[in-house]
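Worksheet: one structure, shown below.
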């Protein structure tokens, strides 16, 4: 299953549990009816694809996601991989002791046989993550494994750059190992809030995620829009994809949050009013995801 024609949210989590690390019950997102209702609402607005980058260690549940897809009509692509070191705990001591090729074997098996005891095959590797401003030896081992899996499967790679940091180093890592940067999306680059930093990434041909739209506690959306206008002016908008990265129950509308539709109902009109072109919006939400997944 790949993308169908329509808008794509490139980085989401239909269900996710980070609470066992964060110690906050709000970071357990598992509300079937509320999620189905929001996905159905997105569908009426032209959204057809959700790329769910929930990995092992985030309490991924492929069957649950498939049930949400069936109930909502949404095409949901699922993922293989692991996240950042804090979330390797369920796999210790194995993760610390194993070789990169053994981690790769886990992902290869999921690609061949299916996720979480289902026959659902992943369509992307990641989000594989690095810590703030650097990576641990175990995170680097995961990246080595991801490259092995990419070479054999040709699946694209999605990364997690904590607060937008360490993206240049991630990119260099992939370049050194011969991975085509058109097969890589560096995640959360908007959170860095640094236009020059972002342009240096784009100049190399990599895809980036402005994928925390609406998280104004980290960065005002006005700043995201200003950066996107500059990126469009420089000719790099064809490498940017959008999403919201909803991970908390308080983000959902039923709990008083802005909900998934904020991106289309609020952010896009603000961006257009500020001078971003409709063509740029269409590229980021429709064309670029199709191109990213279509290169394999």
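The backbone N, Cα and C atoms fix where each Cβ goes, and this holds for glycine too.
What TrEMBL says about this one:
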- 11, 13, 127, 245: divalent metal cation 1 binding site (BINDING)
- 127, 160, 188: divalent metal cation 2 binding site (BINDING)
Which binding-site residues (13, 127, 245) fall within 10 Å of residue 160 (divalent metal cation 2 binding site) by Cα distance?
127
Name the secondary structure element type, per DSSP in three states, that contains residue 160 (divalent metal cation 2 binding site).
strand
Tell me the Cβ neighbour count for residue 11 (divalent metal cation 1 binding site), meaning other Cβ atoms within 10 Å of its Cβ, over all protein chains shown.
27
Suppose we draw a 10 Å sphere around the Cβ of residue 160 (divalent metal cation 2 binding site). How many other Cβ atoms does it contain, all chains included?
25
Cβ neighbour count within 10 Å of residue 127 (divalent metal cation 1 binding site):
28
Pairwise CA distance, residue 127 (divalent metal cation 1 binding site) versus residue 188 (divalent metal cation 2 binding site), rounded so that it is a whole Å:
11
Over all shown protein chains, what is the count of other CB atoms within 10 A of the CB belonging to residue 13 (divalent metal cation 1 binding site)?
23
Restricting to the same chain and to sequence separations of six or more, state which residues have a Cβ under 8 Å from that of residue 245 (divalent metal cation 1 binding site).
11, 12, 13, 188, 211, 212, 215
Three-state secondary structure, residue 245 (divalent metal cation 1 binding site) (per DSSP):
coil
